[in-house]
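Remarks on the structure that follows.
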């Protein structure tokens with residue numbers, strides 16, 4: 001008797017749970033909408049929320065580990081490699097993307113709407129855009145740095161400059177300055193979450209929305225993505241030059257049969273392989289995200305699934321890149337081994353030139 005009663009009440013309790021968390025406004029459930037359709041829609045939001053939660057949580061943990069690792073190297077007095085500052089900046093930018101986009105989107109997917117007012121939404125979107133663009137610029141800097149280091153004939157005077165810590169600091173500063181200024185237009189576009197007063201807003205992210213005219217949206221899309229496409233073009237050129245140089249050097253080594261010549265390029269080849277994995281994954285994820293973003297900007301009424309997938313794809317690289325670096329960096333493996341065996345921090349650390 002009790003079991004039959006629970007079977008009858010279970011669908012009602014499930015529907016009540018979804019109504020409790022997802023019916024914060026009248027737009028979630030129309031009068032003519034069937035309750036089963038609403039249950040499917042709410043279940044889809046739960047799946048999106050779980051995806052955002054796992055991706056954001058894992059990504060923040062990975063990037064936080066990298067930031068702590070590079071800060072430990074700095075504070076313990078060990079010499080930093082030229083790429084350590086670039087990689088730490090990449091981890092910081094990725095953390096900004098996940099923190100200012102992944103966390104609010106996760107909470108909105110689970111039904112926690114109206115978390116931010118207009119001012120909060122503006123700054124959340126602003127810092128997310130800055131983090132995304134700094135991540136792009138940092139990948140370009142890392143790619144160009146490795147290309148010049150691998151093949152100094154590309155730019156002789158730059159090969160000397162990249163060994164200077166001050167020059168690396170200056171390049172990292174240049175990754176921030178233009179994007180802090182150029183993304184100020186986001187403060188004019190973003191509003192608070194949709195409600196009965198601003199239901200005409202164009203794109204709804206659950207916790208924030210933005211509204212702009214079609215002419216302004218098209219102009220903003222062109223100005224916004226033009227530097228990005230130029231950066232992607234630079235990535236393709238630098239990556240192509242590295243692949244060509246490694247292929248030519250491999251042919252030379254095979255022709256000379258010299259172990260002496262193959263020693264150093266093997267280390268450079270491993271570093272180049274790691275950077276190529278980062279660049280290729282960034283290129284794929286960012287290209288898909290750019291296409292979806294342009295679609296939501298130009299199209300009059302983009303579907304909510306496009307907006308959701310755009311945010312999910314945008315967080316793929318920041319969540320996955322730290323683990324590529326963790327698995328490929330020998331310093332990190334030495335650090336983990338030292339912690340496991342409870343030895344002194346970095347007892348046998350070999351500093352790369």
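Cβ atoms here come from the backbone N, Cα and C positions, even for glycine.
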Feature transmembrane segment in Swiss-Prot, mapped to one of the ranges 112-132, 133-153: 133-153
Residue pair residue 82, residue 327: same membrane side in Swiss-Prot: yes
Stretch carrying transmembrane segment according to Swiss-Prot (options 22-42, 85-105): 85-105
Candidate set 198, 256, annotation N-linked glycosylation site, source Swiss-Prot, matching residue: 198
Transmembrane segment range according to Swiss-Prot, out of 304-324, 325-345: 304-324
For the topological domain 'Cytoplasmic' (78-84), residues assigned helix / strand / coil by DSSP: 3 helix, 0 strand, 4 coil
Local Cβ density at residue 117 (N-linked glycosylation site) - other Cβ atoms counted within 10 Å: 12
Residues of the topological domain 'Extracellular' (106-132) by DSSP state, where helix covers H, G and I: 19 helix, 0 strand, 8 coil
Segment proximity, the transmembrane segment (133-153) to the transmembrane segment (57-77), 3 or more C-beta pairs under 8 Å: no
Best-contacting stretch, by C-beta pairs under 8 Å, relative to the transmembrane segment (85-105) and drawn from 227-247, 275-295, 304-324: 304-324
